[in-house]
Amino acid sequence: MSHQSSMNKADFISSIILTLFGIGVVVESLRLPRLENLNVNAYTVPGIVPGFLGLFLTVAGLAIFVRSIRRGGWKLSLNKDGMRRWLGSAMVMRTAVTVVITMGYAILLFPNVPFWIATPIFIFVFVVATEAMKYGGLPDRKKLLTALVLAIIAGLLINYVFQDLFFVRLPGG
Amino acid sequence: MDGLISFANSVGSILTSWSAVDVVWATLLGIIVGMLPGLTATLGVALLTTLTFKMEADQAILILVCMYVGAIYGGSRSAILLNIPGTPANAATALDGFPLARAGKAGSAMAIATTGSVFGGLIGMIALAVIAPVLAEFALSFGAFEFFWLAVFGVLISGQLTSLDDPIKGWIAGFLGLFIATIGQEGIYAVPRFSYGSTDLSGGIGLLPAMVGAFGLAEILTVMRHEAFEAVRAKSDSVWSGIREAYKYKFTAIRSGLIGTLMGLIPGVGEDMGSWASYAAARQTSKNKEEFGKGSVEGLLAAESGNNAAVPGALIPVLTLAVPGSAPAAVLLAAMVIHGIRPGPLIMIESPGFVYSVVAMVFLATIAMGVLGLLLTRPLVLVLKVTRERLMPIIFVLCTVGAFAIASRTFDVWVMLFFGVFGFILRELKYPMAPLILGIVLGDILDKSLRRGLVLSDGELMQFFNRPISMVLWISALLFILLTMPSIRKLLGRLFKQKAKGGVQ
């Protein structure tokens, strides 16, 4: 499948989302208070600018939608095998692992666990997981030890620089 | 003359204090940040903003300017040695830098890039000193109508030039940015918009967490998605021969410096286009066109002069109009506001010395960049040996802490995460990031200017169109839009062909 063909399909789906989003912005802008009780000038109502922006996004979304249909982007030709191959590809796996580990750190560890503990754990897990994907198995003992040392030094150093040198209060304890 | 004295005083005061040390470390850090694929100048300036916001304003801005200058230059190293531009501004550098490195001329290539960057930086700096005061005075005549068009013009031009193949995506990115800026309490009646009862959202979306996400996490995801890279292992020659070679093309460097400055001046366009436009002009006028893309010294010099000249160029609208010329300049603008500096048309009245201080900062950063770049050629190559698997988690920790540090709010970490994932998806769909960020910066100006303009004109739309400066801005924006339409371009092409035929007959 060519890059242009994939982009047409991506444009087809994203233009639908964009158009719906634009319509949503227009509707929500119309629902914003018009402050008639304060006798404000009709040209200064809070919804006027986002309303115009929503209108633009709707029109632009429709333009991409029409273009993607002309280019055959609506032929999504989704099938189970294709999806499975795509989901199992190294690119998607690397992205998914990165998203899961980074989100886990930022949402769960960072706000709840003391920084000097949470950060080395995150760095170690990230390095080991991504190196395991790179080498096709768990890294050897030397690499694991390097990852551990890197995680501890980096975690403690960042903690020191932010907290003690630049007086940033860190969360999680 | 007053300007020259202010400039000399600023240089003197920086050099005779501890600030000189700041120039060295911040520029070196900038070079390292620029070198590492996955770290951009924007992210570097954004992270340092969070670290320096408790410092004195002059010291903090000095550090940020040094980071900015260093990072745009540093990206040339990875472009030359890895064929991967360290920052998007160094994409054109890779075209000729990498073939030179593969031919065993990595040392020369790095010296040519350094010489070009210094040349470009100094030309841009002179332009900053000359143009900023004039533009600031001119901008005093700007009212709501002109600022409205400036915002529209900025988003449209930025959208078009950063997405030349598909301008509509650039415009959408810009308008999405403008919309994001409307989230939270609006500036006239303090009515919360699109906040749905959330006190965090009522405060609006912070520019810095959004930028750290869009340029940090999004970049991490992009880097991790693709295959790993390997540094070139060919033998390297001496850097000094490169300087001599670069000197042969001094006029190319001067022209590229001027083009780069002009590209920097245009809102939201910045270093990437500065580099590409200079490269294209050098190729068009070169006697050795066939060497471009195969290791042309002239091409490499033009690309690097162009992007570094765009740095001071991008600072001109920041200081005089409070409109950023590029994404890193947008962070610098936010940092200035955090430190109580009010960039805009009144800057030459309220704090004329500050403009010349910034000129002095750019000058010292450019000199430090040149010296460090030439002296530390070999040690700096070691930085490229760090694998992405080990570097990216550390960058992400810095992004998380950086987003949190601005206001000590976990909400800003979520904003960073959202913009990281959102930015990654947009990039994969070929939507550029620069107009999105410019939109967030200009959203407030557009919102207030349109509503104030409508009140002043009592709903009379003609007043937006018939004032002289407004007219120039809207006609330029319209021409830009029309010229991107394939049907209009075809029609123009046909017209010119017919005219040329008529002339021959």
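Backbone N, Cα and C atoms are what each Cβ position is placed from, and that goes for glycine too.
Listed features, source TrEMBL:
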type     : residues  : note
TRANSMEM : B:23-48   : transmembrane segment
DOMAIN   : B:24-438  : domain 'DUF112'
TRANSMEM : B:60-80   : transmembrane segment
TRANSMEM : B:109-131 : transmembrane segment
TRANSMEM : B:138-159 : transmembrane segment
TRANSMEM : B:171-191 : transmembrane segment
TRANSMEM : B:203-224 : transmembrane segment
TRANSMEM : B:314-341 : transmembrane segment
TRANSMEM : B:353-375 : transmembrane segment
TRANSMEM : B:395-426 : transmembrane segment
TRANSMEM : B:471-492 : transmembrane segment
Within-chain partners of the transmembrane segment (B:60-80) [C-beta distance under 8 Å, separation at least 6 from its ends]:
14, 19, 22-23, 26-37, 39-41, 44-45, 48-49, 52-53, 86-87, 89-91, 93-94, 97-98, 100-101, 106, 109-110, 113-114, 117, 121, 271, 304, 307-308, 310-311, 315, 328-329, 331-332, 335-336, 339, 341, 357-358, 361-362, 364-366, 368-369, 372-373, 380-381, 384
Apart from its near flanks, which chain residues at least 6 from the ends of the transmembrane segment (B:314-341) lie with a Cβ under 8 angstroms of it?
40-42, 44-46, 49, 52-53, 57, 60-61, 64-65, 68, 71-72, 127-128, 131-132, 135-136, 139, 142, 150-151, 154, 207-208, 211, 215, 264-271, 347-348, 351, 354-355, 358, 362, 433-434, 437-438, 440-442, 445
Take the C-beta pairs under 8 A between the transmembrane segment (B:23-48) and each of B:109-131, B:138-159, B:203-224, B:353-375, B:471-492. Which stretch has the highest count?
B:203-224
May I ask for the residues of the chain that lie six or more residues beyond the transmembrane segment (B:353-375) and have a Cβ under 8 Å from a Cβ within it?
3, 6-7, 10-11, 14-15, 20, 23-24, 26-28, 30-31, 58, 61-62, 65-66, 68-70, 73, 110-111, 113-115, 117-118, 121-122, 124-125, 128-129, 132-133, 136, 239, 243, 308, 311-312, 315, 319, 341, 347
Can you name the far-off residues of the same chain, 6+ from the ends of the transmembrane segment (B:138-159), with a Cβ under 8 Å from a Cβ of it?
167, 169-175, 177-178, 266-269, 320-321, 323, 344-346, 432, 434-435, 438-439, 442-443, 445-446, 448-450, 452-453, 456-457, 463-464, 467, 469-470, 473-474, 476-477, 480-481
